[in-house]
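First the structure, in the form of structure tokens, and then the observations on it.
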Amino acid sequence: MALAQQLRSESDFEQLPDDVAVSANIADIEEKRGFTSHFVFVIEVKTKGGSKYLIYRRYRQFYALQSKLEERFGPESKNSPFTCSLPTLPAKVYMGAKQEIAETRIPALNAYMKNLLSLPVCVLMDPDVRIFFYQSAYDAEQVPQALRRLRPRTRKIKGVSPQGAIMDRMEAPRAEALFDFTGNSKLELSFKAGDVIFLLSKINKDWLEGTSQGATGIFPGSFVKILKDFPEDEDTTNWLRCYFYEDTGKTIKDIAVEEDLSSTPLFKDLLALMRREFQREDIALSYQDAEGDLVRLLSDEDVGLMVKQARGLPSQKRLFPWKLHVTQKDNYSVYNTVP
């Protein structure tokens, strides 16, 4: 939608900070195995200042944002002097294959974000809108997979300096071309079968960036054979530490969770995850309070209190600051019941 057609005026738009999101488009969906197995939408966001980045959002985050906006700006809002016609969010779906549901939602969610970011400046500057489109530390460290709906992002590369050329290239990441490839723009690297390409970066799952014969550009990874790969990236998996109580004693288990360390899970999701991991249905979840006593979790409010109390506590890298204690449901001996 052209700026002249948008509800906000051009002068208001020019006064926006450069880091405000002005467009967003879903690049792909990815399955995540966090507290639950779910699909997230990989969204490319463009800001007024021209920067681009990726964020990862679930449908329920769209739904939570829409609920807040309706309360604040909807026709029946009593909390704001300004109201407007908000875009329509695709409805919740309670049955069906998760991947198929996510795929079918993409066009409607793209339209939703386009219309949302075309609303007046006061909506764009709303704190919840800004947080939704903000790239968190968790977003920034994620490695995108295919990005099927976008061409790979590119960057201009300076020429290799003479000092760089002195380095032992046999130690550098490199690949051998299996087939001829002719780039369709100056950003793409053309080469012949048999050429050796020195690798500069991995754009995404399907595209690489490299240099050969004095030229630099991107190319599809399927056209080459890797001779020396990039060094292993640092593991970005987050872990949840659990203490499992049995008649024979207590064991410790760290569970891989693809969630932000600052996220707060739902009680039912935590319980389902623990039942799946320990293959037991008759379990109870607890956490340890500041006095060292176990407190049983029974609701989302209890989980929120656990997460809140753990903030600021020292913790290991990539380990959730709060810990779960998993006991048998009818075992109350682990609790300090003495007044």
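Positions of Cβ are set from backbone N, Cα and C atoms, glycine also.
If you check Swiss-Prot, you get these features:
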{"type": "DOMAIN", "residues": "19-140", "note": "domain 'PX'"}
{"type": "DOMAIN", "residues": "170-229", "note": "domain 'SH3'"}
{"type": "DOMAIN", "residues": "237-329", "note": "domain 'PB1'"}
{"type": "MOD_RES", "residues": "Thr154", "note": "phosphothreonine"}
{"type": "MOD_RES", "residues": "Ser315", "note": "phosphoserine"}
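Sequence-distant neighbours of Ser315 (phosphoserine) (same chain, 6+ residues apart, CB-CB distance under 8 A): Pro321.
When the domain 'PX' (19-140) is classified with DSSP, helix, strand and coil residues number 49 helix, 30 strand, 43 coil.
Across the domain 'SH3' (170-229), DSSP classifies residues as 5 helix, 31 strand, 24 coil. Remark: secondary structure over the domain 'PB1' (237-329) totals 23 helix, 33 strand, 37 coil, with classes taken from DSSP.
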